[in-house]
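Residues or ranges marked as domain 'CMP/dCMP-type deaminase 1' by Swiss-Prot: 55-178. The substrate binding site feature in Swiss-Prot is assigned to Asn100, Ala101, Glu102; the stated evidence is sequence analysis. Marked as Zn(2+) binding site by Swiss-Prot: His113, Cys140, Cys143. For Glu115, the entry in Swiss-Prot reads active site, proton donor, with the evidence type sequence analysis. Taken from Swiss-Prot, the feature domain 'CMP/dCMP-type deaminase 2' covers 196-309, and the record attributes it to sequence analysis.
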Amino acid sequence: MASATFLVQANTALSNTHISLSVAQTQALRSQLKTQRGILNANNINQLCAQLNVTNDALLQGLVPLASEFAVAPVSNFHVGAIVKALDESGEVNFYFGANAEFNRQALSLVVHAEQSAINNAWLNGAKKILKIAISDAPCGYCRQFMNELADAREFDILLPEQQFKLADLLPHSFGPTDLGNQYSLFNPAPQARSFNNTEVEQQLAAYALAAYVPYSQNYSAVKITTFNNGDFYGSYAENAAYSPSLSPLQSALSQLFLAGLSFDQHTVKGITLLETAGHENQAGVAQAVLASFVNLPPLELISAPLSE
């Protein structure tokens, strides 16, 4: 796969049972979402609700088809969208978009699911409590397990086009963090007071690594994707009690780049850096496997740094 490109469906309007936008309104919203990297803040949401005369939840479900447009699905051609409704640090409601991402000629287990993408978007951007998640299609078992790692797993609503559930309805008798003796969870991590003993590590990359949720491997790790003209994109490692549904830092960062409507190719990407915790490294192989799906990218820079005691 030479590149992964966000395809804007020009001259189309978003209209469904929840909301109806004109072509111009739809195009403006698409552009806004790319600029804001897949996030609508409280002001954006309130303005749209007033403009369209709809409720907050109607807007949430009505925008899911736009989330699906961010999908990069060269294998299945099946585009899935998800939007997390969550409270930020100020207690205001934001919408965090997500979509699936696939990688040609690599194991299907490397894909990013739409629910993972939306939750990752909320997590990386400071969301504190998930209230609802609206999805274009029923979540697979993998995604149900990923959601089971969340601090609010038993509380938030899962909204499908025609139905509404709690996670316990979809994942009864579940296996989660407490089964492994882990009292913490995604969005409720263990306190972090350590730092990397390497003064050459970029401060922001280190911050994303230290914010990783890694109770099972202790590999605090993050990825930075540097672009030529569109800034930097970061991703953090998010582990899961079932292990397989864990989200790698490269997948985390790539999902953020795709939500900005950017292509992952040599024309966009200037550099890719993976930071891992010395003695706990486990991400280089996965990162190289994902990158093998693409051509003419800069080489992956690997940094292994010890943590302070």
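Cβ atoms here come from the backbone N, Cα and C positions, even for glycine.
Between the C-alpha atoms of the residue listed as 'active site, proton donor' and Cys143 (Zn(2+) binding site), the distance comes to 6 Å. Those residues of the chain, other than Asn100, Ala101, Glu102, with a C-beta within 8 angstroms of the mean position of the substrate site C-beta atoms are Ala71, Val72, Ala73, Val75, Ala99, Phe103, Val111, Val112, His113, Ala114. In this structure, Cys143 (Zn(2+) binding site) is part of a helix by DSSP. In the three-state DSSP reading, Ala101 (substrate binding site) counts as strand. Here His113 (Zn(2+) binding site) comes close to Val80, Asn100, Pro139, Cys140, Tyr142, Cys143, Phe146: these same-chain residues lie at least six apart in sequence, with C-beta atoms under 8 angstroms from its C-beta. Take the mean position of the Cβ atoms of His113, Cys140, Cys143, the recorded Zn(2+) site; other residues of that chain with a Cβ within 8 Å of it are Ala114, Glu115, Gln116, Pro139, Gly141, Tyr142, Arg144, Phe146.
The residues of the domain 'CMP/dCMP-type deaminase 1' (55-178), classed with DSSP into helix (H, G, I), strand (E, B) and coil, number 39 helix, 31 strand, 54 coil. The average pLDDT the prediction assigns to the domain 'CMP/dCMP-type deaminase 1' (55-178) is 97.
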